[in-house]
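Enquirer: Mind having a look at this structure? Questions to follow.
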Amino acid sequence: MKVYLVGGAVRDRLLGIPVQEQDWVVVGATPEELLKRKYRQVGRDFPVFLHPETKEEYALARTERKSAPGYYGFICDFSESVTLEEDLARRDLTINAMAMDEQGNLIDPYQGQRDLEEKLLRHVSSAFAEDPVRVLRVARFASRFHHLGFRIANETRLLMYSMVKQGELAHLIPERVWQEWQKSLEEKNPEQFILSLRSCDALRVILPEINSLFGVPNPHQYHQEIDTGIHSLMTLRASSELSEEPLVRFAALVHDLGKASTPIQAWPKHHGHEEEGTKLIRALCARLRIPNDYRDLAVTVARAHLNIHRVCELRPNTIVKLLEQVDAFRRPQLFHKILIACQADAESCGKTVVYRQTQLWNEILSECVKVTPQTFIVQGYEGKAIKEAMHQSRVACVERIMTSWKSNEK
């Protein structure tokens, strides 16, 4: 029995970046042998074991043979005769198909180290085309390593394009699409996930709602980039510089989804795109089974972002109503996420923008939350009268703040 460190841990060691987790491959062993050594089996479709002390994953070396369409259509062989090279051959990219033995020697049958040096994301073999999830994984790795200068190899992009044309992506299940997309939202350059899918025509199949934004014009006075798809990616990029939270980044990306539904004759204006966007976001989240917290934040940002931007033009009563509608008084941290997504929208154009709306909204909220029911209960207010009195008191707070703010702006 021989044990090898494999995959991402080897890749990241060679890149000199922190190793998040270690995966191991066991060659020349049986499930029974590992169980005798107190490893605990956790794999359902093929033998994966947890080390009795480190709890790291140890998988028996295996080969995979395509037997049916889709992610689960594989027959696995994990017999003792499977070699390390055969196990590495089934992996997606050469940079993920390297191993190290217990002495630290590199085993690299598919030139992964060379591709690391050349900063290429290249498929190991034509077997790449057997698994549609790999298109998503390549896009995710593009988002992870873009800041290091990595790019997708031309032949790999062509293979991905061929998979799209052959309809292989139709076999993707919603959970896997969202799993890879969500992971990409946590990376340094989440916009590269979308760009990579678009470059091989996969975005049209996987995320048609976002793909439809490309080619839709925006008013030039507000968006120098003009194209709504480009603007959405710029907003996503800006949000990734403001927040590491994938919820915020998701909301920033889809905030203008409704503009894809604007009739051509109305371009470049998009009246009502906010509410139209909420419908499309709900449908997208239902289709891909995206968690409710992502959906709810994205819907709120889509609906409210224009009013957030033009706070100085709103009446105090409208401002308080907006804060009530987004539950800002009970959930100020949620409102903070909304503000970040809106700030990303404003700053995405690349101009030197000072988004003072964030400061103003925070000042308004901090004063309004000081208005509590107890103040009015001791005065004898009851029931709905308490709620109305609190509302009016908050409106008065906003009036004072706006008066002071506008006088300072002069």
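Cβ coordinates come from backbone N, Cα and C, glycine included.
Feature list, courtesy of Swiss-Prot:
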BINDING   GLY8, ARG11, ARG91, ARG137, ARG140  CTP binding site
BINDING   GLY8, ARG11, ARG91, ARG137, ARG140  ATP binding site
BINDING   GLU21, ASP23  Mg(2+) binding site
DOMAIN    228-329  domain 'HD'
Enquirer: So what sits near ARG137 (CTP binding site) in its own chain, CB-to-CB under 8 Å and at least six residues off in sequence?
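Expert: Residues satisfying the criterion: ASP92, LEU93, GLU180.
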Enquirer: With DSSP, how much of the domain 'HD' (228-329) is helix, how much strand and how much coil, in residues?
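Expert: So the domain 'HD' (228-329) is made up of 79 helix, 0 strand, 23 coil.
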Enquirer: Beyond the listed site residues GLY8, ARG11, ARG91, ARG137, ARG140, identify every same-chain residue whose Cβ lies within 8 Å of the center of their Cβ atoms for the ATP site.
Expert: GLY7, ASP92, LEU93, ILE95, ASN96, PHE141
Enquirer: Looking only at C-alpha atoms, tell me how far ARG140 (CTP binding site) is from GLU21 (Mg(2+) binding site), rounded to the nearest Å.
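Expert: Between the alpha carbons of ARG140 (CTP binding site) and GLU21 (Mg(2+) binding site) there are 17 Å.
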Enquirer: Out of GLY8, ARG11, ARG91, point to the one nearest GLU21 (Mg(2+) binding site) in space (Cα versus Cα); all of them are binding-site residues in the record.
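Expert: Result: the closest of the binding-site residues to GLU21 (Mg(2+) binding site) is GLY8.
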Enquirer: Could you check which of the binding-site residues GLY8, ARG11, ARG91 is the closest Cα neighbour of ASP23 (Mg(2+) binding site)?
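Expert: That would be GLY8, the closest of GLY8, ARG11, ARG91 to ASP23 (Mg(2+) binding site).
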Enquirer: Rounded to whole angstrom, what's the largest C-alpha distance between any two of GLY8, ARG11, ARG91, ARG137, ARG140, listed as binding CTP?
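Expert: Between the most distant Cα atoms of the CTP site, 15 Å.
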